[in-house]
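See structure below.
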Amino acid sequence: MVNTGRLGFVKLGAGIKEDRMAFSYMPGFGNDFETETLPGSLPQGRNSPQRPAYGLYAEQLSGSPFTAPRGTNERSWLYRIRPSVKHTGRFKAASYPLWKTAPNVGDHELALGQYRWNPVPMPKEPTDFIQGMRSITTAGDVLGQTGMAAHVYVANRSMVDDHFFNADGELLVVPQVGALRFVTEMGVIELRPGEIAVLPRGLVFKAELVDKDVRGYVCENYGAKLTLPDRGPIGANCLANPRDFKTPCAWFEEKETPCRLIVKWCGNFHVTEIGHSPLDVVAWHGNYAPYKYDLATFSPVGAILFDHPDPSIFTVLTAPSGEEGTANIDFVIFPPRWLVAEDTFRPPWYHRNIMSEFMGLIHGQYDAKEEGFVPGGISLHNLMLAHGPDAPGFEKASRADLKPVKLDNTMAFMFETRFPQMLTRYGAELETRQDNYIDCWADLKKRFNGTPEGDWS
């Protein structure tokens, strides 16, 4: 018996094949959703009936304290075949040595600097999504629920009977090569390059590969949950609009086979063995759930007369800190857009920043770098370390004919945080690190000669 979509489930047994052709989603950001796979499996008018329909168990998944203000109070009620206490046994230690957690300070000897990397190579050995997580930076302190970690994932096999949840934070996933399918306890998210997904803290999932090899970026958020930024004077529209976020409809599998559940908790990994799939939520309602977003639906705003505005106008999601206006994390993109400013140096300007910037490139070319920053690559410009256009980029932009120009076929992004991003040993010793990155500014000339015109020879 197989039915996928809004009423989607898979029951595995003799003569029954799995079908994962299509899955359905519900639009909106932060909505109080409700979804069921079997008619009447979602209770109405109450959360915890004495005997839920179909013999299910009622269970609450809380993403905030009970007493959090209504606007930030997040929880969902799950109606499942077995309660989650049946999805764990005795834990044993597990090892994923390349996935690091803050604080992770001083585990390498690389000197301070601006860093850039070519893409992380694809693995040669069989590697799933969790095994393929490689930490590049960590920031803050997971025990204080502040900060983040920036990772790259590479994988060439699906998680079949292995499942995972992260108690340390939510995961923002940014694919760069290859499509994946996140099969979660609350529904299925199909994800391709150009889209992002957010998997909440505590959500059980496994990652299946749609393509042979996949690579991408992950921001692990230890702090307050990612949310939409305030638009301020921009008004009620533009940037990331709530209707474009998609939360999966309920989907479950009833699978009686040996499985493993891997847990990340306070920086350590643990594994337990169970005799069935934990992805058994038949119905759910609430506002604590995974979602995805197509970056092509981001509606950018910008300067329409002169000057280059701050990159904060490109913020897709933000995780606030306790200090107003200062983010624990900002997720920022640099999408296709028109450049029309007059008498203006149009690329991003030279900068020293109190925030620390981890950048990646999904596809195309970034307008501040003429060469060296390639799709799948990484750059890291930390707290108060100077950065900006390379010498060829400066030369080109300073002499450009300032006609309207469309930046097309490009998508760069940034994980920005208020905390210093501490480089991991893996990142420091990664063979794709460009030792000569600092040289991209070597040919910037002194143009001051005491005259108002300067020396542009």
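First residue shown is number 1, and so on along the chain.
Every residue, even glycine, has its Cβ placed from backbone N, Cα and C.
Matching His351, His363 to the Fe cation binding residues that Swiss-Prot gives (Glu357, His387) identifies His351.
Other residues of the chain with a Cβ within 8 Å of the Cβ centroid of His351, Glu357, His387, the Fe cation site, are Pro348, Arg352, Asn353, His381, Leu385, Ala386, Gly388. Neighbour list (His387 (Fe cation binding site), Cβ cut-off 8 Å, at least 6 residues apart, same chain): Gln114, Tyr350, His351, Arg352, Glu357, His381. Residue pair Tyr366 (homogentisate binding site) / His308 (active site, proton acceptor) shows a Cα separation of 15 Å. Cβ environment of His308 (active site, proton acceptor): Ala341, Thr344, Phe345, Arg346, Pro347, Pro348, Trp349 lie under 8 Å away, each six or more residues apart in the same chain.
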